[in-house]
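First comes the structure, then the notes that go with it.
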Ligand SMILES: O=C(O)COP(=O)(O)O
Ligand SMILES: [Mg+2]
C-alpha cells in the first residue's frame, strides 16, 4: 500500500461499507424478501440480492421489482416503503464484520491515519449499523448515499472529504468492493484498493482494474 504514497502512508483512508467492512446481504435479502412477500411476489434470496447491492436502496428495490415481477404496475413507492420498514427492523440481525476488519481499523488508528466511510447506503441506516457493530468510533466522517446530491460512482463524496481536510487526491486511499468504488476513486483521482469478497454485481472486481486487490483488510497495512 505504501507504494501508492511514495513509501509513506495515506493521510485519509475512505472505506466503502457494504461488501467491504460489513457482510450486510443476509439482512438486506431478508428485507427484500419481506417486501416481495407483502407484494405477493416470489422471494429473491441472498444470491440474487448480492448482485443487486451497490447503487443504493432505491436501485436495490428497483432491481428486485424488475427481476421478480412481470407487472410493471407495482408501485415503486409502496415497495420502497415496505423495504425501508423491513430493513429498519432487521438492520443488524445477521450483518457481521468481515474477517480482518477490526484489526485493520485498529492498525489504521494506531498509525494515526484518519478514516471515513463513504457508502451508497442511506445514511439513516449507516450510523446505527456502524454503532451496532461497534466500529462507529473509528470514523471521523460518514457519508451515506443520500448525504449529498450525488453518490458513487460520482466522485462528489470523495471530493467533499478531500476538500474538508485540505488533501490532494494522491494523499487519499479508497478501499472498496465494487466497480462503483473503483470509478468514484478514478473520477476523484485517488488510488483504490479492492477486496474480492464483496458484492460487485456478480463480476470479478479485477475487471474494474483497481490498483490492487487484498484478500483481507488486515493485509492492507
Ligand atoms: O447500499 C448499497 O447499495 C451499497 O452500499 P456500499 O456503497 O456501502 O457498498
Ligand atoms: Mg460496497
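Note that the numbers count up from 1, one per residue, in the order the chain is shown.
Every residue, even glycine, has its Cβ placed from backbone N, Cα and C.
Unlike curated records, TrEMBL annotations are generated automatically.
A quick note: this is a predicted structure, and the numbers were derived from the prediction, not measured.
Copied from TrEMBL, the annotated features are:
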| type | residues | note |
| --- | --- | --- |
| ACT_SITE | 16 | active site, nucleophile |
| BINDING | 16, 18, 177 | Mg(2+) binding site |
Look at the recorded positions 16, 18 and tell me which residue has the greatest number of other C-beta atoms within 10 angstroms of its C-beta. 16
Whole-Å Cα distance, residue 177 (Mg(2+) binding site) to the residue listed as 'active site, nucleophile', is 7
According to DSSP, folded down to helix, strand and coil, what is the residue listed as 'active site, nucleophile'? coil
For the recorded Mg(2+) site, whose residues are 16, 18, 177, find every other residue on that chain with a C-beta no more than 8 angstroms from the centre of their C-beta atoms, and list them by sequence position. 17, 19, 20, 21, 22, 54, 119, 176, 178, 181, 195, 198, 199
Among all the protein chains here, how many other CB atoms are within 10 A of the CB of residue 177 (Mg(2+) binding site)? 25
